[in-house]
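What TrEMBL says about this protein:
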- B:89-295: domain 'Cytochrome c assembly protein' (DOMAIN)
- B:315-640: domain 'Cytochrome c-type biogenesis protein CcmF C-terminal' (DOMAIN)
- B:6-29: transmembrane segment (TRANSMEM)
- B:41-62: transmembrane segment (TRANSMEM)
- B:96-114: transmembrane segment (TRANSMEM)
- B:126-144: transmembrane segment (TRANSMEM)
- B:177-197: transmembrane segment (TRANSMEM)
- B:209-229: transmembrane segment (TRANSMEM)
- B:249-266: transmembrane segment (TRANSMEM)
- B:312-331: transmembrane segment (TRANSMEM)
- B:352-374: transmembrane segment (TRANSMEM)
- B:425-443: transmembrane segment (TRANSMEM)
- B:491-516: transmembrane segment (TRANSMEM)
- B:618-638: transmembrane segment (TRANSMEM)
Amino acid sequence: MRRLRTLAAAFGMLLASLAPALAVAPDEVLKDPVLEARARDLSAHLRCMVCQNQSIDDSDAPLAKDLRILVRERLVAGDSDEEVVDYLVSRYGEFVLLKPRFAWHTAILWFAPLVALLGGLAGLFLAIRKRSTRSGDAVREVPLTEEEEARLIELLDKGKS
Amino acid sequence: MIVELGHFALVLALVLSLVQSVLPVTGALKGDARLMAVAPPVSVMLFLLVGLSFVALTVSYVTSDFSVLNVVENSHSTKPLIYKISGVWGNHEGSVLLWVLILVFFGALVGTFGSNIPAPLRSATLSVQSWITAGFLLFILATSNPFTRLARPPIEGNDLNPILQDIGLAIHPPLLYVGYVGFSITFSFAVAALLLGRIDAAWARWVRPWTLLAWVFLTLGISMGSYWAYYELGWGGWWFWDPVENASLMPWLAGTALLHSALVMEKREALKVWTILLAIFTFSLSLLGTFLVRSGVLTSVHAFATDPARGIFILVLLCLFIGGSLTLYAWRAPMLKQGGLFAPISREGSLVLNNLFLTAATVAVFVGTLYPLALDIVTGEKISVGAPFFNLTFGPILVPLLIAIPFGPVLAWKRGDLLAASQRLYAAFGISLLACLFCFWLWGMQRVLAPLGVGLAVWVMIGASAEILGRIRVREVGAARAFSRLTGLPGSTWGTAIAHFGVGVTLLGIVTASAFQTEQIRTMKPKDLVSLAGFELTFEGAVPRKGPNYTEEVAHFTVRQGGVEIARLDPSKRVYTARQMPTTEAAILTLGVSQLYLSLGESRGDGAVDVRVYYKPLITLIWIGCVIMAFGGLVSIADRRLRVGAPKPARKSKAVAAAQPAE
């Protein structure tokens with residue numbers, strides 16, 4: 001009978017560990033609202049490493065909870081935001097940052113959208129210039145062939161709306 | 001028996017799709033009408049065969065046939081009927097089958113209703129569609145057969161992942177897939193046109209309804225998925241920049257660009273080469289999305305290696321289709337004649353700008369999603385790219401686009417007048433400025449971005465109506481004439497205005513919900529009270545309850561406003577029996593367009609429980625806006641002018657002709 005009870009207790013504990021916790025649990029919240037706001041802001045930029053693309057602020061995973069508590073401990077100890085982030089990166093690597101740091105290995109990542117936009121703009125500008133130098137000739141329009149003329153009339157009749 | 005029948009139908013479909021891949025396109029190139037005549041009936045037959053196979057799988061799910069491996073892995077006899085059915089596509093094999101079903105469905109649609117399309121183009125298009133079909137049928141039969149039988153069937157199945165047992169997820173994948181895969185037909189049209197070497201305005205006119213249809217479904221599918229994540233994952237986020245979401249966002253962005261450039265091509269014969277490229281890109285991004293989601297490469301590079309056959313197979317298909325079509329493009333596109341000229345400031349110009357920004361936004365999502373993967377493969381370095389990155393890159397790209405939206409429709413084709421266009425937008429600008437100032441007055445100067453965001457949203461919403469107001473000219477012609485003009489406006493004009501309005505609505509929802517969400521995190525004992533945004537929530541206690549395939553702990557809450565009870569909320573925590581997997585079921589109270597969101601955390605003994613309450617102002621506008629956008633798309637499809645050969649309305653609307661800018 002006792003063995004059964006231990007088993008039940010073990011099972012209960014297993015269930016409890018599986019049960020989803022809240023992202024930020026009430027007991028984690030710091031008393032100081034300014035520190036807490038900083039903690040929340042930092043948490044939103046830190047990745048829960050065992051989840052798929054979730055920040056520790058959103059995640060229910062036990063690891064995320066540990067990290068949230070760690071962040072708050074560091075803040076209470078008087079670390080600046082940068083110091084907290086540096087500490088976490090030194091422990092877990094850059095993988096922990098949801099916003100990758102700007103460096104050589106992330107240059108393509110950060111510049112690609114800008115390059116696409118500027119490149120596109122430059123391309124457009126060139127195309128327009130090419131067009132406008134050419135459009136002098138384009139004024140002399142090539143007359144339609146008889147066949148095209150007939151087709152045009154047919155289309156115009158059909159397409160009237 | 002039915003299972004073997006389904007399997008057999010799939011093999012037969014593969015054979016037929018190979019036939020379809022060769023004969024019609026040969027006919028189209030050689031001008032052989034008999035070969036081309038093969039295409040329509042075979043396209044319908046393909047749909048029937050894949051449909052039969054899909055029905056077969058569904059039957060084995062509904063009857064809980066545990067001799068089928070796929071059913072054992074993803075179903076359970078006590079599961080409610082609807083989730084038995086949705087379980088068919090809630091797994092890898094079934095979802096790929098659904099993918100192919102939609103692929104052949106679009107082929108059959110073109111085969112049946114495409115009689116206004118010239119035979120060579122239609123035949124070649126159906127052939128190209130069959131290349132894709134054949135590739136994916138081979139993929140199913142070789143690596144992901146849903147009909148594998150078990151020699152020793154178990155008594156019970158493993159059940160479907162509980163978070164997928166939800167009405168939202170039952171309809172989300174089919175919607176999304178119709179959108180995703182719907183772009184295949186645009187792709188096939190583009191490749192067919194390149195093969196035949198003929199692309200003209202008529203091509204754009206034939207292609208646009210299909211593109212619109214796919215776009216409408218993709219829009220609905222994405223917003224449905226977003227709403228599902230919002231209420232099911234239990235913490236009230238509605239967009240995560242998760243790679244799986246990005247995989248669907250990329251074809252949506254490219255498809256939106258395609259819709260707009262096809263418009264230029266249809267009206268002015270310009271941007272041909274670009275439109276074809278965009279059609280290829282859009283479906284390529286759909287394929288890429290399929291690869292990312294289906295190969296498991298996203299969870300980690302190593303998950304890819306656990307089942308390399310599938311991943312490599314799709315990768316090969318991906319390279320074949322994207323590489324092949326781009327090569328064909330590089331070879332054929334220079335031969336296409338460039339169409340109409342236009343000044344930079346014109347309707348065409350504005351649509352080009354739209355394409356530029358949408359493409360840049362797609363690039364931002366693309367690198368954000370794939371760069372970590374590429375870096376890991378090349379250097380072994382691991383980085384994460386999440387919401388903060390996308391907010392910094394994607395956001396700023398979209399802002400100029402949003403500002404420009406109202407200008408596009410009021411500019412004339414060919415050569416527009418920016419000053420005249422701006423004059424038509426004075427009212428919209430005034431109203432949005434007032435909205436902006438009002439918000440500053442309401443919220444103070446601490447939050448600068450939120451009032452600006454609201455102003456922008458109002459600008460897009462009101463600006464959307466500028467084209468319609470400009471066309472009916474109430475003040476000049478009087479209310480009666482104006483009304484007849486209003487009803488005489490073409491569907492595509494209405495569609496544009498409605499869809500653009502929807503963009504503004506979504507934006508308004510995003511701005512207010514992100515800037516003004518309030519929350520309370522508490523441990524509550526029975527009879528405890530928490531107040532938030534003028535509401536008081538009382539925890540009345542928790543009771544256990546038993547569902548069909550789960551047990552749950554339901555907490556009862558009473559919501560009061562000014563002392564008056566307005567609602568009861570029952571969030572719960574479930575444990576699904578078969579997999580022993582826990583989920584949180586949030587309780588949501590919708591008040592107008594705002595929502596009160598309540599979800600449970602850990603139980604603390606003596607009846608106390610962790611509670612998280614959010615008030616999310618105007619949040620439902622995010623999804624309502626998407627539905628409005630999709631509705632705009634539908635209205636545009638209904639435009640008679642898109643259906644070439646459709647009977648013309650008897651009553652000609654002179655008013656419209658007069659109001660239409662010279663073309």
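Cβ atoms here come from the backbone N, Cα and C positions, even for glycine.
Owing to the predicted nature of the structure, the values given are computational and were not obtained by experimental measurement.
Regional average pLDDT for the domain 'Cytochrome c assembly protein' (B:89-295) in the model is 89. Scored on C-beta pairs under 8 angstroms, the neighbour of the transmembrane segment (B:209-229) with the top count among B:6-29, B:96-114, B:249-266, B:425-443 is B:249-266. Contact between the transmembrane segment (B:177-197) and the transmembrane segment (B:96-114) is present: at least three CB pairs lie under 8 Å, with pairs separated by 6 or more positions in sequence. Ranked by the number of CB pairs under 8 Å to the transmembrane segment (B:491-516), the listed stretches B:6-29, B:126-144, B:352-374, B:425-443, B:618-638 are led by B:618-638.
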